[in-house]
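I have placed the structure first, in the form of C-alpha cells, so that the comments after it can refer back to it.
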Amino acid sequence: MEIVHAIGGGQGDPLVIAGKAYTSRLLVGTGKYKDLAETRAAVEMAGAEIVTVAIRRTNIGQDPGQPSLLDVIPPDRYTILPNTAGCYTVEDAVRTCRLARELLGGHRLVKLEVLGDPTTLFPDVTATLEAAEILVRDGFDVMVYTNDDPIIAKRLEEIGCVAVMPLAAPIGSGLGIRNPYNILTIVENAKVPVLVDAGVGTASDAAVAMELGCDGVLMNTAIAEAKNPVLMASAMKKAIEAGREAFLAGRMPRRRFASASSPLAGLFFD
C-alpha cells in the first residue's frame with residue numbers, strides 16, 4: 001500500500017499550485033446540488049481539498065441572514081477557490097475577484113473565467129488575457145479557464161497565471177475530451193499545472209484527462225447532476241487516481257497488428 005500511495009498519488013506525488021501542495025488532484029464545484037447537505041457529502045466523498053465557489057451566485061458572507069456555503073465547506077478544512085462564473089466583461093471579473101478577497105480576508109487564489117457567449121459558455125479569450133494581466137498585477141494567484149488553444153494557454157502562463165485550465169468540452173455538456181491532442185499539446189508545453197475544466201461527464205472522461213498528463217481535473221455538473229451524486233463523487237476520485245497512476249506508469253505503445261503475449265520459443269509439442 002505504501003508503494004502505491006507514493007507512486008500513484010498522495011503525499012509522494014503532490015499537486016502544487018501557487019506554492020501549496022495538495023494530495024488530491026480532483027477539484028470540485030458547489031453548484032447544482034439539491035441542498036447544502038448533499039454538497040457537503042459529495043465534496044467529502046470526492047476527497048477534494050480545493051473547492052470552487054461562484055461568488056456571484058453563492059452566499060459566503062455577502063448575505064449574513066442566509067445560510068452560508070462556508071458552514072458546510074469550512075475554509076479551515078478546504079482551500080476555497082472563488083470563481084468569476086457569470087462574468088462577461090473584464091470589469092465584472094476583476095470586481096468579483098476583489099470582492100472575494102475582501103470576503104475571505106485577503107484570499108489570493110482565484111479562478112478566472114470571462115465568458116463570451118451564454119449558449120456555449122466558451123471563454124472570451126481576449127477579455128480573459130486582459131483580466132489575467134490586471135489580476136496578476138493586483139497580487140492574485142490566478143487559475144484561469146480558457147479554451148483548448150495551446151497558444152492562448154502558453155500566453156496565459158507567460159502573463160503569470162499559476163494554473164491553466166482548458167475546457168475539454170462546453171461547460172455542463174458532459175461530452176468528454178473532445179480534442180485530446182490539443183490538451184496533450186498544452187500539457188507538453190506548460191511549466192505550470194494544467195487542469196481540465198469543463199466537459200467531463202463520467203469517470204472514464206476524468207481518467208482520460210489524467211492519462212494525457214493533466215495535473216488535475218475540476219468538475220461540478222458531472223457529479224451534481226448524476227443520479228447519485230455522492231456515489232459519482234467516489235467514482236471520480238478513483239478515476240483521477242487510476243488515470244494518474246496510468247500516466248506515471250507509461251502506457252504500452254499502440255500497434256497496428258497483434259503481438260503475442262506468450263513467447264514462441266520452447267513450445268511444448270513443437
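Backbone N, Cα and C atoms are what each Cβ position is placed from, and that goes for glycine too.
Here is what Swiss-Prot says about this protein:
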type     : residues                     : note
ACT_SITE : K111                         : active site, schiff-base intermediate with DXP
BINDING  : G172, A198, G199, N220, T221 : 1-deoxy-D-xylulose 5-phosphate binding site
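For N220 (1-deoxy-D-xylulose 5-phosphate binding site) paired with the residue listed as 'active site, schiff-base intermediate with DXP', the C-alpha to C-alpha distance reads 14 Å.
The most densely surrounded of the binding-site residues G172, G199 is G199 (count of other Cβ atoms within 10 A of its Cβ). DSSP gives G172 (1-deoxy-D-xylulose 5-phosphate binding site) a coil state; it is part of no helix or strand. The 1-deoxy-D-xylulose 5-phosphate site, placed at the center of the C-beta atoms of G172, A198, G199, N220, T221, has further neighbours from the same chain whose C-beta lies within 8 angstroms: A169, P170, I171, S173, G174, V200, M219, A222.
K111 (active site, schiff-base intermediate with DXP) is 17 Å away from G199 (1-deoxy-D-xylulose 5-phosphate binding site) when you measure Cα to Cα. Secondary structure at T221 (1-deoxy-D-xylulose 5-phosphate binding site), taken from DSSP and collapsed to helix, strand or coil, is helix. In this structure the alpha carbons, written CA, of A198 (1-deoxy-D-xylulose 5-phosphate binding site) and the residue listed as 'active site, schiff-base intermediate with DXP' are 13 Å apart. Cα of K111 (active site, schiff-base intermediate with DXP) to Cα of G172 (1-deoxy-D-xylulose 5-phosphate binding site): a span of 17 Å. When each of the binding-site residues A198, T221 is scored by how many other Cβ atoms sit within 10 Å of its Cβ, T221 comes out lowest. Residue density at K111 (active site, schiff-base intermediate with DXP): 27 other Cβ atoms are found within 10 A of its Cβ, drawing on all protein chains shown.
In the three-state DSSP reading, K111 (active site, schiff-base intermediate with DXP) counts as strand.
If you draw a 10 Å sphere around the CB of N220 (1-deoxy-D-xylulose 5-phosphate binding site), it holds 23 other CB atoms from the protein chains shown.
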